[in-house]
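Novice: In case it helps, Swiss-Prot gives these features for our protein:
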type     : residues                       : note
TOPO_DOM : 1-14                           : topological domain 'Mitochondrial intermembrane'
TRANSMEM : 15-45                          : transmembrane segment
TOPO_DOM : 46-59                          : topological domain 'Mitochondrial matrix'
TRANSMEM : 60-87                          : transmembrane segment
TOPO_DOM : 88-227                         : topological domain 'Mitochondrial intermembrane'
BINDING  : His161, Cys196, Cys200, Met207 : Cu cation A1 binding site
BINDING  : Cys196, Glu198, Cys200, His204 : Cu cation A2 binding site
BINDING  : Glu198                         : Mg(2+) binding site
MOD_RES  : Tyr218                         : phosphotyrosine
Amino acid sequence: MAYPFQLGLQDATSPIMEELTNFHDHTLMIVFLISSLVLYIISLMLTTKLTHTSTMDAQEVETIWTILPAAILVLIALPSLRILYMMDEINNPALTVKTMGHQWYWSYEYTDYEDLCFDSYMTPTNELKPGELRLLEVDNRIVLPMELPIRMLISSEDVLHSWAVPSLGLKTDAIPGRLNQATVTSNRPGLFYGQCSEICGSNHSFMPIVLEMVPLKYFENWSASMI
């Protein structure tokens with residue numbers, strides 16, 4: 001869950017988000033080291049009186065500044081590719097949910113159940129209850145079982161949208177005429193908030209997403225009550 005004046009990422013709720021957080025820290029460390037080295041070299045150049053205006057080539061230096069950046073790029077690319085494969089892979093999903101973006105609300109369909117589908121609109125500010133979040137609450141939350149792989153099929157009825165839940169490491173474009181796939185897995189129960197992350201019109205800011213992750217038993221009771 002985000003909080004005011006937050007500088008870092010939201011707490012990871014899924015294995016994918018944990019990997020993304022580690023990759024962020026890994027890349028940031030490399031960027032920090034490179035920036036420190038460059039600033040150190042610049043400070044030396046500005047403070048020293050020694051110059052080498054007659055130097056035309058330096059084979060050793062050129063070799064170093066060719067091989068070193070290549071090695072750094074490999075160190076960044078390898079964990080990135082690993083995470084990409086993890087995000088794309090889903091074997092035997094326990095549940096499939098189809099998500100459709102509209103101007104300006106979301107609709108959900110549980111394809112493993114008959115007639116289990118609903119629309120999800122933002123709750124107006126004047127209807128919020130104490131403790132609820134402005135511009136983030138919805139009238140119908142999407143309820144999913146925790147600790148199980150869930151396949152989300154995401155598309156759009158009209159314009160480009162993007163279904164995004166930061167704490168789960170999810171951001172998948174909803175494109176008209178195209179079906180995109182995302183994997184949802186939560187390590188713990190709770191409410192997780194997201195929003196449409198693609199500018200889709202005048203009410204783009206009013207398309208929140210609320211996932212309620214619950215134990216499997218509670219999900220079965222909820223789905224039975226909805227059918």
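The backbone N, Cα and C atoms fix where each Cβ goes, and this holds for glycine too.
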Novice: Please work out the mean pLDDT for the residues of the topological domain 'Mitochondrial matrix' (46-59).
Specialist: 74
Novice: Could you round the CA separation between Tyr218 (phosphotyrosine) and Met207 (Cu cation A1 binding site) to a whole angstrom and send it over?
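Specialist: Their Cα atoms are separated by 26 Å.
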Novice: Give me the Cα-Cα distance between Met207 (Cu cation A1 binding site) and Glu198 (Cu cation A2 binding site), rounded to a whole Å.
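Specialist: Given the Cα positions, Met207 (Cu cation A1 binding site) is 10 Å from Glu198 (Cu cation A2 binding site).
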Novice: Apart from its near flanks, which chain residues at least 6 from the ends of the transmembrane segment (60-87) lie with a Cβ under 8 angstroms of it?
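Specialist: Result: 15-16, 19-20, 22-23, 26-27, 30, 34, 169, 182-183.
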Novice: Relative to the mean position of the Cβ atoms of Cys196, Glu198, Cys200, His204, the recorded Cu cation A2 site, which additional same-chain residues have Cβ within 8 Å?
Specialist: Gly101, Trp104, Val159, Leu160, His161, Ser162, Ser197, Ile199, Gly201, Met207
Novice: Can you give me the same-chain residues 6 or more apart in sequence from His204 (Cu cation A2 binding site) with a CB-CB distance under 8 Å?
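Specialist: The answer is Trp104, Cys196, Glu198.
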Novice: Can you check which residues sit near His161 (Cu cation A1 binding site), meaning Cβ under 8 Å from its Cβ, same chain, 6 or more apart in sequence, and list them in order?
Specialist: Gly101, Asp173, Ala174, Cys196, Glu198, Cys200, Met207
Novice: List, in sequence order, the residues of the same chain other than His161, Cys196, Cys200, Met207 whose Cβ lies within 8 Å of the centroid of the Cβ atoms of the recorded Cu cation A1 site.
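Specialist: Along the chain, the qualifying residues are Gly101, Gln103, Trp104, Trp106, Ser162, Ala174, Gln195, Ser197, Glu198, Gly201, His204.
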Novice: Helix, strand or coil for His161 (Cu cation A1 binding site)? Use DSSP.
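Specialist: Once the DSSP labels are grouped into three classes, His161 (Cu cation A1 binding site) ends up as strand.
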Novice: Between the recorded positions Cys196, Glu198, Tyr218, whose Cβ has more other Cβ atoms within 10 Å than any of the rest?
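Specialist: Neighbour-count leader: Cys196.
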Novice: What does DSSP give as the helix, strand and coil breakdown of the topological domain 'Mitochondrial intermembrane' (1-14)?
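Specialist: Split into helix, strand and coil, the topological domain 'Mitochondrial intermembrane' (1-14) gives 0 helix, 0 strand, 14 coil.
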Novice: Judged by the number of other CB atoms within 10 angstroms, which among Cys200, Met207 is the least packed of the binding-site residues?
Specialist: Cys200
